[in-house]
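As written in Swiss-Prot, here are the features:
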- 1-72: region 'Domain I, interacts with DnaA modulators' (REGION)
- 72-187: region 'Domain II' (REGION)
- 188-404: region 'Domain III, AAA+ region' (REGION)
- 232, 234, 235, 236: ATP binding site (BINDING)
- 405-524: region 'Domain IV, binds dsDNA' (REGION)
């Protein structure tokens, strides 16, 4: 029995992602084998994992058992009686290797202050009486007299030193002390959002890797870096993390985070006040520009023109530009073609909705940050029912915590169902397999009936596999249930389709884009 389980575990570890294996297979243990009845009993640490493994992996484990013993084996799943004595199984997504980063705003500010002090001792400060250049004076005037134009002033000695490169030189570092706080005020960065507290999974691992590469080599690796994806998937978190990491590494860097709507507003005000020269000087002098939700530039020709000039100047000076949007660059309507071509000249990366294991990790980490020990059962229950984005998960967790506190009850699955009653009702009627089949059939111009047929031409089989993949990702149906809805196919056929499309999605940009469009369409 134990020999079989070692063999089975080794095969499943090769077939599954590390996250899936650690979450679902590693916590299991064989507890009994009845040779006369040909039954194998496998224990799971909790009810949720028992149900999930039974629906998703029982067929594969039974196949491996049959091959091992050369006989049909009935696989039974039971609750581990020692489950309460065990520590919770790992559900968090392992973070990609990286040097330790500061955690939380206080630690980040403290680390930057320490870097500032070190830089000040190593680099002579600029004289206090250096006169302010016209550029800095204009920015200072706009910042103080016209506060609603969002151009933070730069320290006088930075402006006097001229445009810096990424390597700090004489006069580049601002004064120590409270300057770390003022740098956050000027950059508009949120010190809470760091790489250290960004939960990584399959859905965002490429985006995180690209972000780290850009933070380590700004203006060199990928310029621009364009991140796109739906609301609440972590785009803003990642670009703030890049800015925060750069401030830690190069405290004198000129960094600016701005939402596209604020940029549009500033262009309008600069136009009204005839302050475009000052506006240009400020943005063209940055080392890192982070612009969020650029789809808000749609139809705003003057804003697009000014941003084009800023983009060209920054890239020419080897400054880094990072952009986010809710959709693929070429899908943004009302944006000038020359801007689209600039967006495509760097690296474009999609951030997808988090997979189940990643959603669990997000919930448990967020609960931990709130000082709450959230049980794995509850985290899995919430993650299984709420699939769209991180903000939705965090909002659900806040409701659960508030409901628990108000009623003076411990957090359990029953309490969670009560707290999220309205939200779960909405979720349960959102996406059906039938809707997925119709949407995919329309997208690829085939008949819905082809989803159930036995036809195997590539122009039919491929969309059918895509529909199976989306059914697995976007609904709570088990593999056998999905197979039944696709013309009574075996669950192994569905599993093959899901794995095939998931693997190709990570390698094929066009397929990834098509899936992103389909997912956005289905989610409305």
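The backbone N, Cα and C atoms fix where each Cβ goes, glycine too.
Overlay of Swiss-Prot feature records on the structure.
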residue	record	Cβ contacts under 8 Å, 6 or more apart
232	ATP binding site	388, 389, 390, 391, 392
234	ATP binding site	198, 204, 207, 351, 390
235	ATP binding site	207, 227, 228, 229, 292, 324, 351
236	ATP binding site	193, 292, 324
Local confidence of the region 'Domain II' (72-187) - pLDDT mean: 46
Tally of residues which DSSP labels helix, strand or coil - the region 'Domain IV, binds dsDNA' (405-524): 87 helix, 0 strand, 33 coil
Number of helical, extended and coil residues in the region 'Domain I, interacts with DnaA modulators' (1-72), per DSSP: 44 helix, 12 strand, 16 coil
DSSP state at residue 232 (ATP binding site), helix/strand/coil: coil
